[in-house]
Amino acid sequence: MGEHPSPGPAVAACAEAERIEELEPEAEERLPAAPEDHWKVLFEKCDPGSTGYISTGKFRSLLESHSSKLDPHKKEVLLALADSHADGQICYQDFVNLMSNKRSNSFRQAILQGNRRLSSKALLEEKGLSLSQRLIRHVAYETLPREIDRKWYYDSYTCCPPPWFMITVTLLEVALFLYNGVLLDQFVLQVTHPRYLKNSLVYHPQLRAQAWRYVTYIFMHAGVEHLGLNVVLQLLVGVPLEMVHGATRIGLVYVAGVVAGSLAVSVADMTAPVVGSSGGVYALVSAHLANIVMNWSGMKCQFKLLRMAVALICMSMEFGRAVWLRFHPSAYPPCPHPSFVAHLGGVAVGITLGVVVLRNYEQRLQDQSLWWIFVTMYTIFVLFAVFWNIFAYTLLDLKLPPPP
C-alpha cells in the first residue's frame with residue numbers, strides 16, 4: 001500500500017499520544033474473546049487513514065494494555081517484531097496472523113524476527129521440566145528441524161485436541177483383527193485361511209465397484225506379524241507427527257497413501273486383493289525419513305542415523321514379507337494372495353505430498369507452489385486409476401479370479 005505524507009515529528013507525536021489516550025479505554029472495553037476480527041477492528045481504529053500500517057509506539061501500547069489476555073510467549077515475539085521495524089511502522093496483518101495462529105509466511109516472519117528477543121538457550125538445556133513437558137520437548141526434537149519452531153511448538157502445545165486420529169485408527173485395526181481372528185480361529189498368517197477374503201472390508205478385484213473397499217482394506221491384516229509392525233510404526237511415527245502437524249494434515253497424508261495404495265494395486269497388480277494399512281503407514285514413515293534427510297543438520301533427534309537404518313530395515317523386511325506372500329502358493333486359488341504394490345503407492349505419496357506437509361510447519365499449504373504441483377499429480381493419478389478400473393479390465397479381456 002502507498003505511504004501517506006505525515007506532519008512534522010513533534011506534531012505527529014502529540015497527535016499520536018492524544019489518539020492513544022482516546023482509543024485505549026474503548027479498545028479495552030471492546031476486546032472480545034474471538035481474536036481475529038476484533039483485533040483487526042482495533043487496528044483499523046488506530047489506522048483511520050487506512051494505510052495498512054500503524055506506528056510501533058501505538059502497537060506497543062496495544063500490547064501492554066491487553067497483556068493480560070496474551071500468551072507471554074506471543075507477547076515477547078510481538079514486542080520484538082515491533083522493535084525490528086526501523087521505519088516506525090508495522091503491518092497489523094502480521095499481528096492478526098500471529099494471534100489467530102494462521103499458517104502463513106507472515107507468521108514465519110514474525111517468529112523469526114521475534115527470535116531476537118527470545119531466550120537463546122536451547123530447549124535441551126531447560127531444567128526442572130515435568131514429565132509431560134519432557135515428552136513435548138522430545139516430540140519437538142523428533143519432528144522439527146528449526147530451533148525456533150521447536151520453541152514455538154513447546155510453548156504453544158496444549159494437547160487439545162489430543163492425537164486422536166492415529167490412536168483411533170490403530171485401535172480399530174487391532175479390534176477388527178482380533179474379531180476376525182476369533183471368527184477364523186487363526187491369528188498367524190490369517191490371510192491363508194480359505195474364508196479370509198469373504199470379509200466385506202477386503203479389496204478384491206472382482207468387487208472393485210464397491211468403492212469403500214479402497215479404504216476399508218486397512219482394517220484387515222495378513223496376520224499378527226503384519227499388524228504388529230504397522231501398529232508400532234503408526235504409534236511411534238504417526239502420533240508424534242500428529243501432535244505437531246495436527247490430525248487434519250497427518251490424516252490427509254495417511255488417507256492419501258491408503259487410497260493411492262489400493263489404486264496402484266488395481267492398475268499394476270490387477271488380479272490381486274489388498275489388505276493392511278501399509279499404504280498409509282509407509283506414506284507417513286517415508287515423509288518423516290525424507291524430511292530428516294533433507295534437514296539433516298537441523299534435526300537434533302538422538303541416534304538419527306542408527307534409527308533411520310533400523311526403520312529402513314524394518315520397512316524392507318515387511319516389504320519383503322509382502323512380496324514373498326504375494327507369490328506364495330495361494331490358499332484360495334485361482335485368486336493370489338494380497339499384493340505388495342500398496343506399499344509402493346504409500347511411499348510415492350510420502351515423498352511428495354507428505355514431505356511438503358512436514359516441511360511447512362505453521363505455514364499455509366495453499367501458499368506453497370510444490371503443494372499444488374503434487375496435489376495436481378495425485379489428482380491426475382486418481383482420475384487415471386478410476387478410468388482404468390472402469391475400462392481397462394474389459395479392454396484387456398483380463399481373466400479375474402471369481403468373487404470370494
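The first residue you see is number 1, and the count goes up from there.
Cβ coordinates are placed from backbone N, Cα and C, and glycine is handled just like the others.
As recorded in TrEMBL, the features of this protein are as follows:
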type	residues	note
ACT_SITE	Ser278	active site, nucleophile
ACT_SITE	His343	active site
DOMAIN	34-69	domain 'EF-hand'
TRANSMEM	250-268	transmembrane segment
TRANSMEM	274-293	transmembrane segment
TRANSMEM	305-327	transmembrane segment
TRANSMEM	339-358	transmembrane segment
TRANSMEM	370-396	transmembrane segment
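Taking CA atoms as the reference points, the residue listed as 'active site' and Ser278 (active site, nucleophile) are 6 Å apart. Sequence-distant neighbours of Ser278 (active site, nucleophile): residues of the same chain at least 6 apart with a C-beta under 8 Å from its C-beta are His226, Asn230, Gly261, Glu318, Ala322, Ala342, His343, Gly346.
Listed as Cβ neighbours of the transmembrane segment (250-268) (distance under 8 Å, sequence separation of 6 or more from its ends, same chain) are residues 165-166, 169, 203, 205, 208, 213-215, 217-218, 238, 241-242, 274, 277-284, 287, 339, 341-346, 348-350, 353-354, 357, 378, 381-382, 384-386, 388-389, 392.
The average per-residue pLDDT of the prediction over the domain 'EF-hand' (34-69) is 70, rounded to a whole number. Within 10 Å of the C-beta of His343 (active site) there are 25 other C-beta atoms, taking all protein chains into account.
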